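I have placed the structure first, in the form of C-alpha cells, so that the comments after it can refer back to it.
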Amino acid sequence: MGCDRNCGLITGAVIGAVLAVFGGILMPVGDLLIEKTIKREVVLEEGTIAFKNWVKTGTTVYRQFWIFDVQNPEEVAKNSSKIKVKQRGPYTYRVRYLAKENITQDPKDSTVSFVQPNGAIFEPSLSVGTENDNFTVLNLAVAAAPHIYTNSFVQGVLNSLIKKSKSSMFQTRSLKELLWGYKDPFLSLVPYPISTTVGVFYPYNNTVDGVYKVFNGKDNISKVAIIDTYKGKRNLSYWESYCDMINGTDAASFPPFVEKSRTLRFFSSDICRSIYAVFGSEVNLKGIPVYRFVLPANAFASPLQNPDNHCFCTEKVISNNCTSYGVLDIGKCKEGKPVYISLPHFLHASPDVSEPIEGLNPNEDEHRTYLDVEPITGFTLQFAKRLQVNILVKPARKIEALKNLKRPYIVPILWLNETGTIGDEKAEMFRNQVTGKIKLLGLVEMVLLGVGVVMFVAFMISYCACRSKNGK
C-alpha cells in the first residue's frame, strides 16, 4: 500500500514537472509563433490585415479648423499695433475617406507605390457655423508680394495693381474661400500668366498626394511602410537634397514590435518634412494597450538646440539670428511664399514670436500632437495632428498697404486638429485577432507553468511527508 502511494506521489510530481517544463518550453515557442504571425500580417501585400487597412483606413478621420479672426485690422495697418485675434471654430471636415490608387508592387526592391486622393466633406453637425461664415484675415497675396518680389521697381508696379484692385493688408473671406481658394482681385490684374487663385490649402479637392513609394516589408520587416521616395504635387527635390528630411512612414503604421525607447519618424506633405515623436505614456484604448508617442518641443527648437532644423531658418532678422524657436519656415516648398508652421497658439515658441499677437492661449493638452501606437503590430489606432499655419508679413516702403509697419509679424491664420480613432467594430476585431490571441496564449503558458510548479511542489511535499512517516 505504502509503495503504491509513493509511486502515485512520484507520478504526480513527474506530471507536474512535465507540465512546468512544457509551460516553460511553450513560452519561447509561443513568442516565436506570435512574432511569425505578426511579421506575416504587417507586410503590405494583398491578403494581410495591414494591407487591407492601409489601402483604405477603416477609421473616420476628421480635420477641424479654428480661424484667427483679426479684431483690429485698421489699427495694425496704420500704427503697426499688436494684432488682436479671436479664434473661431471648430469647423469640421471629413478627410482621408478615399482609398489609395495606382497601387503597384515592385518585387525587385520590395516596394509598393501609390497615390493618395484628397477630398474634404464639410460636417455641419460638428461645426459651429457654415462654410459661408466670414473672417477678417491677412491678405495672403498682398503679404506675399514683397517677399517674393524684392526688386523696388517691381514692387512699385505691384503697388499700383494693389491700389487699383482696392486690396489692403487685411481682407474679409469666407471659410470656404480661405481654405480651398478664391480668385484674388490683385493677382487678377497682373499682366503676365500667374495663378490667380489663392487659398491656404489650394489646390486640395480632386487632387492626389504622391506618388509615394514605400517599402512593403517583405524582405525586411523593420522597413515596412517607410517611405523610399516621394514625388508629390509640391516639388520636394529641394528638401531631399538640402535638408534630407524625407524619412519615416506616413504615420498610419510603423515597423512592428515598437519599444518605448524608439523614436517614431513620419512624413507629412502638409508641412513638407519629416518629423518625429517620442514615448509619452501607456494608454488603454478600448481595451487595447497602446503606447502614446508625442511630438516633443525639440521638434520645433532653434537650430542651436536642434541642428536638424538648420534648413528651416532662412530669415536671420526674423529669427534673431536663428535663436528664435517654435516656428519653421517652409516657404521653399510653397513656391517661395512666406509660410511658417508652428504648434497651435505658438505652443513651445519663444516669447518674441508671440509677443506681437494678442489673444493666444497655448495649452499642452489641447494643442500637442500625439500618436497612439499598438506596440506589437506597430499600427496607429488613434492620433491627433495639430498644426498652425502662419504667414510672415514685413514692412515694404514701396507698397502702401504695408509701408506703415514698423516690424515684421508672423501672423497666425488658422490651426487644425486632424484626428482619427479606431471604431468600436474594428477595435473588437483587433482584440479578437491580435491582442486576444496573444493574451490567450500567454495565459495558457502561465497556467501550464503555474499548475505544473504547484503540482510538483505539492506532490514532493506529500512524498517527503509520507517517507518521513514510514520511516518512523
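Placed from the backbone N, Cα and C atoms, the Cβ positions cover glycine too.
Note that the structure is predicted; figures quoted are calculated from it, not measured.
Annotation comment: TrEMBL describes 7-30, 440-466 as transmembrane segment. Here TrEMBL flags C243-C311, C272-C333, C313-C322 as disulfide bond. The site 'Critical for TLR4-TLR6 dimerization and signaling' annotation in TrEMBL covers Y463. Residues or ranges marked as ubiquitin cross-link in TrEMBL: K469, K472.
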Sparsest-packed of the listed disulfide-bonded residues (C272, C311) - C-beta count within 10 angstroms: C311
Sparsest-packed of the listed disulfide-bonded residues (C313, C322, C333) - C-beta count within 10 angstroms: C322
Distance, C333 (disulfide bond) to C313 (disulfide bond) (CA atoms, angstrom): 14
Rounded Cα separation (Å) that holds between C272 (disulfide bond) and C322 (disulfide bond): 20
Pairwise CA distance, C333 (disulfide bond) versus C311 (disulfide bond), rounded so that it is a whole Å: 12
C311 (disulfide bond) and C322 (disulfide bond), Cα-Cα, nearest whole angstrom: 10
